[in-house]
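Under the heading transmembrane segment, TrEMBL lists 45-64, 76-94, 106-133, 193-216, 237-260, 280-299, 311-329, 335-355, 376-404, 424-445.
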């Protein structure tokens with residue numbers, strides 16, 4: 001059994017990653033275009049290559065974690081603690097505008113790739129840590145619910161910090177009613193507010209990592225004999241990639257994650273240029289996230305009562321009619337109604353995959369009881385696939401804006417850009433969500449299968465402990 005303190009400290013450890021992810025998801029694209037003022041093609045390359053690089057580093061980090069030995073503070077904790085100082089530095093310089101102009105593309109590409117590498121070194125071991133908190137499925141599910149609540153709260157904090165601090169950089173007061181559409185004399189102030197926000201988020205990284213380090217104890221799972229030799233990485237990788245439930249779950253949430261990423265990355269641009277909500281976007285974002293935080297316990301109760309697969313279908317389909325409604329009726333009242341409703345789906349899309357993945361790992365453990373130590377492969381390649389797909393969608397969406405005629409630094413965008421933003425917020429996410437849910441129909445781990453696996457694994461643990 002896990003104490004409340006352990007669950008909270010574990011959950012707090014996931015906050016900084018989500019704070020930074022929220023800030024970059026909602027604001028990095030508009031920052032590169034309107035503050036750093038690199039062109040849309042360069043911005044799309046930064047976003048895509050950075051995401052792709054981050055995706056590639058996931059299995060690499062997973063490989064090195066499987067080769068890591070146990071230390072006094074665990075097998076995973078040294079990774080998270082060791083990378084945090086470097087992660088803070090790289091994050092700050094991602095939001096710093098260098099004094100030179102011609103090399104800014106290389107600057108942002110370099111620091112975004114470095115940031116993605118270091119956040120991977122933190123996030124992969126943190127995700128895999130779920131399997132080393134407890135052998136009890138209920139306790140792991142409970143810890144995951146705490147984690148998701150705190151991570152959505154972290155997303156809220158990230159959007160609040162970034163949105164409230166930098167909102168002044170994108171309001172109408174920077175758009176004078178003249179023939180010239182550029183932002184005059186506002187660039188130094190805009191650069192400064194983004195650096196302030198980055199500094200605050202650095203502090204969140206430091207505090208939360210220290211709390212997690214002090215409050216979480218990593219435990220090995222004795223479901224197989226400790227004397228069993230570890231299987232080589234490539235053989236473990238082949239076994240994992242042949243495990244049907246893992247492939248189904250990953251493919252389904254790959255498409256769902258792409259849909260959520262499209263909405264996140266283009267939402268601020270949509271509010272600014274397509275819906276005339278530039279003075280409200282930061283509060284709308286906060287409304288979405290507050291709704292998500294409040295609804296996490298609801299979905300935790302729902303999945304315990306009706307099953308995780310049912311919860312996934314009910315929760316994620318909820319967002320589709322409301323995103324379309326915002327595109328068709330872009331006014332303030334509708335925007336806030338949509339924000340409250342969309343928060344329910346955001347919560348479900350965050351909670352369900354991380355709650356279902358441990359069940360997939362348990363199913364694999366039962367099918368391969370003498371193949372131990374592959375938890376990092378499951379988590380790192382899940383993040384790899386979803387991150388790579390999100391990177392492609394983000395890069396392609398930015399290129400679509402370039403082809404539509406996006407005018408960097410302008411207060412008003414041409415009609416094709418407005419139309420493109422509406423497609424990226426409405427039709428495209430709906431298509432991806434429908435595809436993901438169709439794949440999720442094939443997911444084989446029902447509640448009966450999950451409970452059967454639990455009983456069988458408990459028997460294996462008992463036999464292993466008696467043999468030891």
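Placed from the backbone N, Cα and C atoms, the Cβ positions cover glycine too.
Quick caveat, the model's predicted, so the values are computed rather than measured.
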Take a look at 45-64, 193-216, 311-329, 335-355 and tell me which one has the most Cβ pairs under 8 Å to the transmembrane segment (280-299).
335-355
Distal contacts, the transmembrane segment (237-260) - CB-CB under 8 A, six or more residues away:
59, 231, 316, 346, 349, 352-353, 356-357, 360, 363-364, 367-368, 371, 374, 377-378, 381-382, 385-386, 389-390, 393, 428-430, 432-433, 435-437, 439-440, 442-445
Within the same chain, where does the transmembrane segment (193-216) have neighbours whose Cβ lies under 8 angstroms from its own Cβ atoms, ignoring anything closer than 6 residues to its ends? I mean 6 or more beyond.
5-6, 8-10, 12-13, 15-16, 19-20, 23, 31, 35, 73, 77, 80-81, 84, 87-88, 91-92, 94-97, 129, 133, 154, 157-158, 161-162, 165-166, 168-169
Which listed stretch (76-94, 106-133, 335-355, 424-445) has the most C-beta pairs under 8 A with the transmembrane segment (376-404)?
106-133
